[in-house]
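As recorded in TrEMBL, the features of this protein are as follows:
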{"type": "ACT_SITE", "residues": "264", "note": "active site, proton donor/acceptor"}
{"type": "DOMAIN", "residues": "83-366", "note": "domain 'MYST-type HAT'"}
């Protein structure tokens, strides 16, 4: 038994049939409909706490992470009101039946009279069109369609490809991607103006075609030099190292552009965790490379040099190395300690790099700003 908050009730013949509940101390992705027979309205909070302390059997991703950092109270309240109830239970995409985590503002055309929730929504894994029934999906598939995302393939290495899709040229496809992404991102905007973004879509390739595993979006013009706006690895492809691949790929594009980049702020707790891990790993290996150069007396390196080598923003580098206690200051200037023993110690604490990006396989030219 777990403590929960009742969000909504579902009626049948004038009686309550089920409650839509939010589980206390857990992310909203776990919210669900519960039959009235399974809800004890008389249990006290003290008793619930006693039971809750004994039972913690949701997986590690179920725990509450703050995906709304940066929202003011009024915005957060409106967001929670609009998105309080999931409107789709599951999606079928390719061979995977995936449980939906969050509300997605699907177009009116998908709804039928009397609908409250769609049990299964069927996606074409290539066009990302979605349908109410399997039969509708099959009719769509018989028409024949491209078996890869629209746009340009800018990376291919073994079975992993990346496509650059222009949100203004392939508007419908990108909007479909956003509808899909919103089902797994609580903080993503509900309004999809795709025109001002490029979408970088990561795919696994086989004889059937190119299967979307995740993506990141990037503003065409960013005054803050953000190199990533939104990031998602679909649940069925998580824990394969694609999140690390996506972050690394965004920085490889920044290197080609010849400038330092950074993800759009603020980051969610999960986003912070992913980026801190990436910054730690890449900076430490860069420092190890510098330390192995034939210049043993040079134990310190500037933040600017590290920024030029990694395309990380100086602020991100400084914050990362402060956490590792590897920053020294001289006359208000920050320098990084390249002590091999210290560097190797921190490297031993780093995790793996996931799916590696091979920069030599990227075929991409930066877009010229017409202004």
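Each Cβ is built from the backbone N, Cα and C atoms, and glycine gets one as well.
Here the domain 'MYST-type HAT' (83-366) has a mean pLDDT of 92 out of 100.
Under the DSSP three-state reduction, the residue listed as 'active site, proton donor/acceptor' is assigned to coil, being neither helix nor strand.
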